[in-house]
């Protein structure tokens, strides 16, 4: 099914008439929009490194510092098991999941740009407060402001990119968000590697530099265009037409513009998009896009590694600088994998990347657990050879995640939802993502302490579950116009039986024919 075109005059018939050319203006808007990912990425990368720095621990968490250095030549799973320390990391994501609901209303009523700008301002304020922190309260408040920035940015940016992109390139364009996320992680690890040598306030530099991507995103939010979809939704038809012509590089946009207007008419008829999302006709989008994929993205175990890579490597016997350098190499794999995914996802499709990479991730988690079960614990340091094997396995795991659940965890949800529920659904996506991100951040070190190597077997089991979820329930969405995605579910072996009754009674649209 190459696009699920319906027979008749309804929305979905015109996709083959869409036209576009590459333009510098389109490239600029997408790069600017993707800068939102750098906020998320820099914080992901910087938090774990800062929490492993002795100067930071001595100032805010002296008990952890004492426990960490009590037996300098021993390693164990529990050195960093401190719930206040992990609250420093997870408080940001708790804030983000709350703020995303405010972002939903702003994104729908005032546009994607408005949320991008508010997110940048909030993140900038949080970065300044964290860099100047004198006590734990200032740290946590700063993290809450950073979370507000991520809540607004992650709500708006994936939508912005998906709506700006033509259907045939939507996968690559949307993955700019993941690319800048990975770039932010990599830069944060590099920053931590050098600031760890600056005593006693290197950690302040690491946290304060989060303001740089925030400023870039703020400038970009002020300069870039609003999406045609959002402008039509706000009733600004003339402006929407001009922006569409500019980003597509042609005046021949009649077919796409008509589809946008029809989608907008349906959107305006929806008074309560959150309630509408619960209707049977949107059940596939709700279960797959809003709940399943964002939750599973965090349960792969990858973000646990990203959060705490320096801590994990130190716990396994690496020195402080070696731990930061190892995590830098690991996160380099994430960036490389994202580039691979950007170039290939629109060729091979979403499902193949999910399933092929999922198999590799399962193998890596099992190998990691096996190595730790045999060669680690009870004050025993890992040998250099075993340590090198472990770094390579984690590298391969991140490489697999970086071309599958990492970028696709944002891409697929952003392209599944029709305009009438898109903003509300994206809020649910961000909310679920942040709930599970916060849970993983808060519970991982405790789980590592109690489950030991078993935590990696748990992740392997979860990846098996999520791979089955994708195999049975997710249709392939590559090159399908974003306003036609609903047609895929009308022809899906399982979902067509779920949505047909509601659609026939309440919607009036004909079921697609293949």
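Just so you know, glycine gets a Cβ as well, placed from its N, Cα and C.
Between the listed ranges 451-474, 475-498, TrEMBL ties the annotation transmembrane segment to 451-474. Note on TrEMBL: of 65-83, 84-102, 236-254, the range annotated with the feature transmembrane segment is 84-102. Touching of the transmembrane segment (139-161) and the transmembrane segment (451-474) is ruled out by the presence of fewer than three CB pairs under 8 A, sequence neighbours closer than 6 excluded. Counting Cβ pairs under 8 Å that are 6 or more residues apart, the transmembrane segment (357-376) and the transmembrane segment (382-402) reach 3 or more and are in contact.
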